[in-house]
Each structure stands twice: as structure tokens, then as C-alpha cells.
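**Q** From TrEMBL, here are the annotated features:
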COMPBIAS  1-14  compositional bias 'Basic and acidic residues'
COMPBIAS  25-56  compositional bias 'Low complexity'
COMPBIAS  497-506  compositional bias 'Basic and acidic residues'
DOMAIN    87-492  domain 'Major facilitator superfamily (MFS) profile'
REGION    1-72  region 'Disordered'
REGION    497-526  region 'Disordered'
TRANSMEM  85-105  transmembrane segment
TRANSMEM  125-145  transmembrane segment
TRANSMEM  152-169  transmembrane segment
TRANSMEM  175-199  transmembrane segment
TRANSMEM  211-232  transmembrane segment
TRANSMEM  252-272  transmembrane segment
TRANSMEM  308-327  transmembrane segment
TRANSMEM  347-367  transmembrane segment
TRANSMEM  379-395  transmembrane segment
TRANSMEM  401-419  transmembrane segment
TRANSMEM  440-458  transmembrane segment
TRANSMEM  470-489  transmembrane segment
């Protein structure tokens, strides 16, 4: 009986039930089993994923709770789900819709100023309200993500995004500016349920060699929404004096986005699931195993702030993303300052920035999955962002739009391409803490710096011109690049993925050793 048990477990790849092991007298009482050296040192007994022991049993510190919501038998199987790409694509699409609504006012700032009869600063606040609402709501939403899971957060974010889009249709009169503010505030609350999810979706649904690419795809949707927000509003809403005709053109844009948001809400209801049946990676399996239902939420935040590398990343990410938010919000004003009447081309320049950044995000994600050089890649991209910003600053006023397209695109390739890098680097530095909390803290930093930079740069542009305003951003990007150099590459998730051998040759050797051990035991019995 002792000779047959382990071989069967290897063939079936099914953990033996604990009760069966306890009931088997040849295993539990025979002295030769407990003292035979070949049993105690054989690697397949302790680390092979198909053994009856939990895959994280060796790595699990004392005092940590065992998983309460996941079946241990499921945790012993590492398998990716075919649904994973549908989940990330649906998320990417409704994130795109929300991002479009963030920038749709700023990309035609002067037209909405004329329609509603308000100041440029009032229109800027329609973009900045996204940043403002995120700061107080992040921690409650991150707690909800831990408490209720991905599906509930996805449904809530998509529903709020849809509601805000339809509320804006009630603001098609010049005196109804407060209604459009309410609709935008609802969309800004929806954004809180969206921004922190890319790294969480990537970790929960994707294997170790796909997480960075998946995170890039998830962030890709947000960037695509910003790109469309730069391109479409100047085309749908021309710069005309007649307010009645303006209301008609604005209503077309609002109806389109309302219909798209409704369709995406239906897709979220159908496609989005909480998590796959099996964990997609060793790190995720260990994360389930180490998660305690009684874990302190505030304790997790406290541990994150004791992690110096993560704190430095929070600051540097905020400086980079905040500069991008300010640049996106004020781009229309900066371009029209030097090229009057070029609203459409201002939108195209914004589109160029974001499209180039999406390309950079995808390339960097694929590169990270292959090289795992998080620190080096992040630092190089940050330095190139600074170089691109400097070149853009000193070429904006040359009088040639084609030069602006080239310099803005180069800057965007690195500046917006940096955003998914920051998410994935944060997860590596803070594993096994919740991805939702670490991503949320990065986004809080981005919103805080985004508000500061948008207000400050806007005032500098109004009083001194565009060049001093852009130099203001260059100074802070220089600080961010310097701080990035001090971050140590403590890649904890990568270490967790390497704890359990996954090399096929090692598994074959373990199976061979396992088949030999019971033979020795049987000879002792005889």
C-alpha cells in the first residue's frame, strides 16, 4: 500500500484526501516510514505541487491564517482561465469610456466656455474634479474591493459611469452648467472604482509571464479613452457662435457616450466574474493562502508606508502622472496660445501624445514580462520622459505644428508609457499586500500632484506664458527621475513565483525520485 500511494498521486495530479492519509495504518504507525531518510529528504514530498500538502506550506509563516474562502484542492492546481482576456478587455473598454468623459471638456475648453458663459478655470475644474473626488474616496473603495471583490467593484464603477453620462444630457442649455457639473462628479466617483483595478485584475486572472502585459492592456483602455477624448469632441462640436446649434452638436456627443456606457454596463454584467476557478500563478496561490479574513486593512496601509522603496515610488509616480494630467488638461490652451483657431489640431496633438504612450505601455509591458528588469526599465523611461518634456517645451513656440506633433508624440511615448510600469513595480515591491491598496495609493499621489500642477501651471501660463509653465513641470520631473534612482529592486512577487520549482525537468526528476522511495520502504518492510 505504501508502495502504490505516491505513484497514484503523481499520475492523477490530485491531492490525496487528508482523512484517507490519517486512516491508513501503514503510513501513520509504521516506524520505517517516519525514520527512513529517503522519505524525509525527497524533494517531491515537500514541494511538488501535486502533493497533498498545501503549495505554500513551507513558505507560510507561523500565525498566518489558512485560506478560508478558497478550496485548498483548487489552490494546488495552477491554471490560467480562457475567460481572462475577455475580462481584461471589457474592463479596458469601460475604463476607456470613463477616461473620455474626463477629457471631453478640456479638449474643447474654449467652446464650452462660450456655450456656458463661464471662465476657463471653471472648465478646468470639470477635469480636476476627477482628481479631487479620488483622494477622499480611495480608501473606502479599496476597502470595498477587499471586502466584496472585483465583480462588485466593476459593476459599481460601470453603473456610475453610465449614470453620469445620461445626467449630462440634462445640461444642454447655457444656464444648466450646474447639471453638467453633477454629471461629471458622478463620473469622477466612477473613476475611483476603476483606476486601482488594472494590477488587481492582472494578478488575479493572469499567469506569472502575462501579468505585466495584462496590466498594460488594462491601462491601455484608459489611455485610449483620453486619446479619443482629444480627437472626437473637436470634430463633433465645431467652434461656432450660435448656441442653439452648439447645443445640438453637444447633444450628439452626449448621446453617443451615453449609449456606449450603457452597452458596456451590460457587457460587465455578462462577462465579469470574481476570479477564476484555479489560481493562475504560484504567487497568487500563495496570496490566497496567506490572506487572513481578519487581516487589518489599516495595518496593511501602515506596512506599505513603512516600505521605503514603495514610498519613493508613490512620490515619483505622482510627479510623473500629475505632470501628464496637467499637460492633458491645459493642452488646448497651450496650443491655441501659439496657434489660434487650431482646436482640431490641438486635439490631434493630444491624440498623438496618448497613442504614442499606449504603444510605449504595451512595449514596456511585454519587455517586463520577458526581462523582469522593473527598476532599470522604470528609471530609463522616467529619464526619457524628462528629455521629451524639455524638447517639447522649447519647440512649442517655433511656429511649426508638425514639429509639435513629433516632440509631443516622443514625450507621450515615455510619459504615458510609464503609468503601467508604476503599477506593476508597486505590486512587486509590496507583495503580498493587496494590489488594490498599493495601486490606490499611487493614484492618490497622482491626483494630488495633478491638482497642484494643473492649478499652478494654469496660473503660470495666464501670467507668464507657456514656456515658464512647462519648465515648471520639467523641474519636478527632474526630481522624480533622481528619486527613482534610489528605489531598490526588491521584487517580492518574482521571488514568490520562484519558490516552487516549475521547471519540467525538475518535476520529472522529482517524479523519478518519488517512484524510487516507496520501493526502498517496501524492501525494509520485507
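Cβ coordinates are placed from backbone N, Cα and C, and glycine is handled just like the others.
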**Q** Between 85-105, 125-145, 175-199, 379-395, who has the most Cβ pairs under 8 Å to the transmembrane segment (252-272)?
**A** 85-105
**Q** Can we call the transmembrane segment (85-105) and the transmembrane segment (308-327) in contact, meaning three or more C-beta pairs below 8 angstroms at a sequence separation of 6+?
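**A** These two segments do not touch.
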**Q** Any chance the transmembrane segment (308-327) and the transmembrane segment (470-489) have 3 or more Cβ pairs under 8 A, given the pairs are 6 or more apart in sequence?
**A** yes
**Q** Taking the transmembrane segment (125-145) as the reference, which of 152-169, 175-199, 379-395, 440-458 gives the largest number of Cβ pairs under 8 angstroms?
**A** 175-199
**Q** For the transmembrane segment (152-169), which recorded stretch in the set 175-199, 211-232, 401-419, 440-458, 470-489 gives the largest number of Cβ pairs separated by under 8 Å?
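**A** Maximum Cβ contact count belongs to 175-199.
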**Q** Given a Cβ distance threshold of under 8 angstroms, which distant residues of the chain, six or more beyond its ends, lie next to the transmembrane segment (211-232)?
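**A** Residues packing against the transmembrane segment (211-232) from afar: 84, 88-89, 91-104, 107, 194-195, 197-199, 201-203, 205, 253, 281, 328, 331, 346-351, 353-355, 357-358, 361-362, 364-366, 368-369, 416, 419-420, 423-424, 427.
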**Q** Counting Cβ pairs closer than 8 Å, which of 175-199, 379-395, 401-419 has the most of them with the transmembrane segment (470-489)?
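**A** By Cβ pairs under 8 Å, 379-395 leads among 175-199, 379-395, 401-419.
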